[in-house]
């Protein structure tokens, strides 16, 4: 008897209000870290109807022109006309950024050159063999759809599209392997002139069938395109957006646990971000090495402490090695102190704007060092000793 179930993940476009906030926060981080690698940045953004507020804490010698940074991000996303509900020219930009607490900083910057964790917390990484990039299929497909929504809007293939949008994909699994797409939900902001019939047909034809892998498509997929019937009011005019509210979209679409810490706007001394990247790096290399088919990795830290307080590996019964053996391997092969992570993944670079939409994982860009599988041979060698 086949074990059959559906699993669903979602994604959002770069014009979604929460993603706008993430992108502004990461643009501020990139601006500062490019000029001051010793900076400590925790940047939070709120976007709402007609305004944007940037707040958080900084420790840096760099002056960051918050207004210019925010407006450039909003312009690049595509909010270039007041008719879209938000316009980069006329939106107010408020700056409420303060200084980082010296009580926090004293535990991070150490006299011995090491870096203490910027906070306590637990972070997860995940990898599996469902896609070439070792990501779960549902979130992989959902990101493909939202990325295509933005591209078809920007290249004028579908000129009636506007920046805000979401996707959701339900995948059918049999015996824990994905076999087909069951349901696709796409909600996209649009101009008032386009008919719902034309919009739905165009989105299915130009995006779904031209973007998604043919082996998962079939005639009985259930499509819900703008199921409420109209989506003209969108972006910050429709909903306020905040940094860090799309943490499942940013990671694995719900396929593994999440420690709760968001990424955007945080420099890599914050283990919420850097250790989550490291956990993905570990999980992906474990799967790429062939010692398992699926891996969930948890790392945990205490504020001001150098070494992780715990390392946990779960291979979901896909490995001949025990969790204890795998954890020993991970500690031997990977540098999991904050400084070790920053140096091994080369994280003191202005790369974070690239991560702030369409997922931090599963995108094999040159800048995404945590997606490399250059530790796979070392893992194999560890188990041949």
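Backbone N, Cα and C atoms are what each Cβ position is placed from, and that goes for glycine too.
Following the DSSP three-state reduction, the secondary structure of residue 16 (ATP binding site) is coil. Look at Swiss-Prot and you will find 16, 164, 165, 166, 230, 231, 239, 245, 246, 262, 266 tagged as ATP binding site, backed by sequence analysis.
What Swiss-Prot records for 18 is Mg(2+) binding site.
Feature annotation from Swiss-Prot assigns K(+) binding site to 44. The Cβ of residue 44 (K(+) binding site) has 21, 25, 54, 55, 56, 242, 243, 244, 265 as same-chain neighbours under 8 Å, each 6 or more residues away in sequence.
The annotation L-methionine binding site is assigned in Swiss-Prot to 57, 100, 239, 270. DSSP assigns residue 270 (L-methionine binding site) to coil in the three-state reduction, placing it in neither a helix nor a strand.
According to Swiss-Prot, the region 'Flexible loop' annotation covers 100-110, on the basis of sequence analysis.
DSSP assigns residue 230 (ATP binding site) to coil in the three-state reduction, outside any helix or strand. Neighbour counts were taken at the CB atom with a 10 A radius for the binding-site residues 18, 57; the maximum falls on 18. Applying an 8 A CB threshold to same-chain residues 6+ apart, the list for residue 239 (ATP binding site) reads 17. Listed in sequence order, the residues of the same chain lying 6 or more apart from residue 165 (ATP binding site) and placing their CB within less than 8 Å of its CB are 12, 13, 15, 16, 146, 149, 150, 186, 187, 188, 189, 234. Counting only same-chain residues six or more apart in sequence, the Cβ atoms lying under 8 angstroms from the Cβ of residue 230 (ATP binding site) belong to 196.
Each residue contributes its Cα atom, and for residue 246 (ATP binding site) and residue 18 (Mg(2+) binding site) these two points are 7 Å apart.
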